[in-house]
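All remarks here apply to the structure that follows.
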Amino acid sequence: MLLVFDVGNTNIVMGIYKGKKLLHSFRISTEKSKTSDEYGMLINQLFEYNGLKLKDVDAVIISSVVPPIMHTLESMTIKYCNTKPLIVGPGIKTGINIKYDNPKEVGADRIVNAVAAYEIYGGPVIVIDFGTATTFCAISKNCEYLGGIIAPGLAISADALFQRTAKLPKIELTKPSTVICKNTVSSMQSGIIYGHVGMVDYIVSRMKEEFAPNAYVVATGGFARMIAEESKTINTVNDMLTLEGLRIIYERNAD
């Protein structure tokens, strides 16, 4: 079995593959203070709950935007899976030509998403990932990573309002039924969520003007479905895009 890790600033998402089939996926909190043994015990419990054995994992791939966690998980997989993981980074085969000024600056998660989106949907394609940050990536019809945009995510926006104002409360990110709201909490929710929808649609329209009017737009990440319900530019949501990208990259490097 192949175990894939997508390590983000807020969550770690894991997928277990048998061949090309995703058997299970899990989401746990990203905690820098956890040791490799603590992660090993937690992941082992998730496996056992789903009738699986961690020792049956014979391959691992890790994509991480949090370097300390990457090293912790690397130690964990060596000890508990008896296998050295493939790390998404410089030198691995992705099949994508990165046109960034400095290709090493591109986050591993963005590369993984680009690989999956091009493999599944073809190009040109735009990938929007709604995570801690909201990122946009442009991939050409020739499988070139042209660049993109990094914007504050919804949770960051909500936290900023709470932390930088004297009277505004901490809120849950749920979508109000109307844009015009009659209380503070729903007014904040409206501004953050519908404001994000407006940002997404404007940025996508500008991206299409600059590189491909016919680009297909795929969204992923925790808030993707909520934003896609209101967006006029998102064509589809793929919750497992990053996990699929990790599987594809592993297969390209397995030989």
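Each residue, glycine too, has its Cβ placed from N, Cα and C.
Model, not experiment: these values are computed from the prediction.
Copied from Swiss-Prot, the annotated features are:
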type     : residues                                                   : note
BINDING  : Asp6, Val7, Gly8, Asn9, Thr10, Asn11, Ile12, Val13, Thr132 : ATP binding site
BINDING  : Tyr100, Gly107, Ala108, Asp109, Arg110, Thr184             : substrate binding site
ACT_SITE : Asp109                                                     : active site, proton acceptor
BINDING  : Asp129                                                     : K(+) binding site
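The Cβ of Asp6 (ATP binding site) lies under 8 Å from the Cβ of Ile12, Val13, Met14, Gly15, Ser63, Asp109, Val112, Thr242, Leu243, Leu246, each of these being in the same chain and 6 or more residues away along the sequence. Counted over every protein chain shown, other Cβ atoms within 10 Å are most numerous around Gly107 among the binding-site residues Gly107, Thr184.
When other Cβ atoms within 10 Å of the Cβ of Ala108 (substrate binding site) are tallied across all protein chains shown, the result is 22.
Residues Tyr100, Gly107, Ala108, Asp109, Arg110, Thr184, recorded as contacting substrate, have a largest CA-CA distance of 42 Å. Long-range neighbours of Gly8 (ATP binding site) (same chain, six or more residues apart, CB within less than 8 Å of its CB): Thr30, Val65, Val66, Asp109, Gly131, Thr132.
Across the fold, the C-alpha of Arg110 (substrate binding site) and the C-alpha of Asp129 (K(+) binding site) stand 8 Å from each other.
Recorded residues the residue listed as 'K(+) binding site' and Gly107 (substrate binding site) have their alpha carbons 12 Å apart, per Cα-Cα distance. DSSP assigns Ala108 (substrate binding site) to a helix. Taking Cβ-Cβ distances under 8 Å and a sequence separation of 6 or more, the neighbours of Tyr100 (substrate binding site) in its chain are Val106, Tyr145, Gly147. In sequence order, Ser29, Thr30, Gly131, Thr132, Ala155 are the residues of the chain that are 6 or more apart from Thr10 (ATP binding site) and have a CB within less than 8 Å of its CB. Of all the Cβ atoms in the protein chains shown, 19 others lie within 10 Å of the Cβ of Thr132 (ATP binding site). For the binding-site residues listed here (Ile12, Asp129), the lowest count of other CB atoms within 10 A around the CB belongs to Ile12. The record assigns Asp6, Val7, Gly8, Asn9, Thr10, Asn11, Ile12, Val13, Thr132 to the ATP binding site, and the maximum Cα to Cα distance across that set is 13 Å. DSSP assigns Thr184 (substrate binding site) to a helix in the three-state reduction.
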